[in-house]
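Lifted from TrEMBL, the feature list:
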- 257-391: domain 'GGDEF' (DOMAIN)
- 396-417: region 'Disordered' (REGION)
- 7-28: transmembrane segment (TRANSMEM)
- 34-53: transmembrane segment (TRANSMEM)
- 60-82: transmembrane segment (TRANSMEM)
- 88-107: transmembrane segment (TRANSMEM)
- 119-137: transmembrane segment (TRANSMEM)
- 157-177: transmembrane segment (TRANSMEM)
- 186-202: transmembrane segment (TRANSMEM)
- 208-228: transmembrane segment (TRANSMEM)
């Protein structure tokens with residue numbers, strides 16, 4: 001769902017950029033003259049945010065976009081002239097742009113203060129500066145012919161050269177691989193859209209305003225992706241992939257008057273960790289989180305440690321009790337299998353749940369405390385059960401949905417070989 005939302009704004013931004021690019025020639029001349037400077041503003045803003053977040057990859061991609069526009073503008077306006085820049089420098093730059101993006105994406109993200117990475121980046125830019133200098137001194141006609149060989153001759157639709165098209169497609173391929181290797185990488189999704197926009201832009205030919213327009217929107221996409229990814233990291237629990245405590249507290253701010261809260265705790269989790277190790281314990285947390293995240297008409301949050309919170313908006317307590325009991329049984333019946341040395345071990349865990357319903361006399365944080373008190377009573381009553389709390393923290397009821405007496409006396413973790 002998070003990725004779908006992310007793609008929605010990226011697609012909307014891309015569609016707007018493509019549509020509006022066709023309107024540039026209809027704008028007043030004074031506005032058209034300013035478009036050429038638009039990417040420098042958006043690139044500068046993006047670089048500032050990337051440096052603030054200690055993200056080197058977006059810094060390099062943004063700098064590549066900025067340099068691409070600056071070099072084309074300078075040489076077409078002052079040094080070489082429009083025609084010579086279009087015939088010699090432009091084919092080289094539109095080949096180097098996707099090459100640079102590919103290189104920056106393949107390099108590991110090590111922050112902006114890594115000396116080895118910064119040295120490598122400096123060498124790459126130095127080599128490319130030498131290449132551009134060589135082009136200015138005179139590029140061999142065979143190289144120029146290769147760079148300018150069109151994909152389709154005599155076509156008014158596809159103007160790209162074969163070499164540029166291959167480099168863009170190769171970069172897109174590696175971006176897709178990167179996206180598949182990560183659960184959530186907003187930067188890669190944004191870079192994919194950036195490549196599509198720039199591919200569309202360079203296919204229009206040597207149009208400085210159009211290239212500047214797409215470069216500016218590419219920088220906007222990269223900047224917003226960094227902001228959204230930072231938000232995602234801040235509000236999402238890295239281990240389990242569900243939202244964390246900060247997201248829960250903010251969710252309370254928009255709660256209606258009718259809701260039910262449940263506190264969930266994995267029974268004997270510390271003992272389980274000590275017995276089987278933290279790696280197995282982490283896998284248990286992920287599995288329980290997946291079960292909770294699949295709850296009907298509810299939202300799961302990791303409260304901290306082995307505790308989780310379930311929020312059921314617009315639901316009465318009695319409406320969610322069957323669902324909570326179903327969750328309890330599902331976790332209990334799940335078999336966890338892992339290797340300890342040469343042996344294979346099978347085990348399971350159980351959960352205890354405390355649940356409380358909203359009341360106009362109390363805030364959501366108070367209802368959460370009542371649910372937590374009910375959870376404490378579930379632990380005292382033998383664990384592996386659902387306990388309903390009232391509005392007096394000293395009094396809770398063990399409801400009819402709790403597990404059997406056998407379940408209540410279970411240790412919470414069974415072990416078998």
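Placement of Cβ uses the backbone N, Cα and C atoms for every residue, glycine included.
Counted over residue pairs 6 or more apart, the CB atoms of the transmembrane segment (119-137) and the transmembrane segment (60-82) come under 8 Å in at least three pairs, which marks the two as touching.
Packing against the transmembrane segment (60-82) from elsewhere in the chain are residues 36, 39-40, 43-44, 46-47, 50, 88-90, 93, 96-97, 100-101, 104-105, 107, 121, 132, 136, 191, 194, 206, 208, 211-212, 215, 218-219, 222: each is 6 or more residues past its ends and has a CB under 8 Å from a CB in it.
Across the candidate stretches 34-53, 88-107, 157-177, 186-202, 208-228, the maximum count of CB pairs under 8 A to the transmembrane segment (7-28) is reached by 208-228.
Tertiary neighbourhood of the transmembrane segment (208-228): same-chain residues 6, 9-10, 13-14, 16-17, 20-21, 24, 32, 35-39, 41-43, 45-46, 49-50, 53, 55, 58, 61-62, 65-66, 68-69, 72-73, 76, 186-187, 189-191, 193-194, 197-198, 200-202, selected by CB-CB distance under 8 Å and a gap of 6+ residues from either end. Beyond the ends of the transmembrane segment (88-107), by six or more residues, the same chain brings 56-57, 60-61, 64-65, 68, 71-72, 75, 80, 117, 120, 124, 128, 131-132, 135-136, 139, 144, 147-148, 161, 163-164, 167-168, 170-171, 174-175, 178, 188, 191, 194-195, 198, 202, 206 to within a C-beta distance below 8 angstroms of the stretch. Each residue in the domain 'GGDEF' (257-391) gets a DSSP state, and the totals come to 58 helix, 44 strand, 33 coil.
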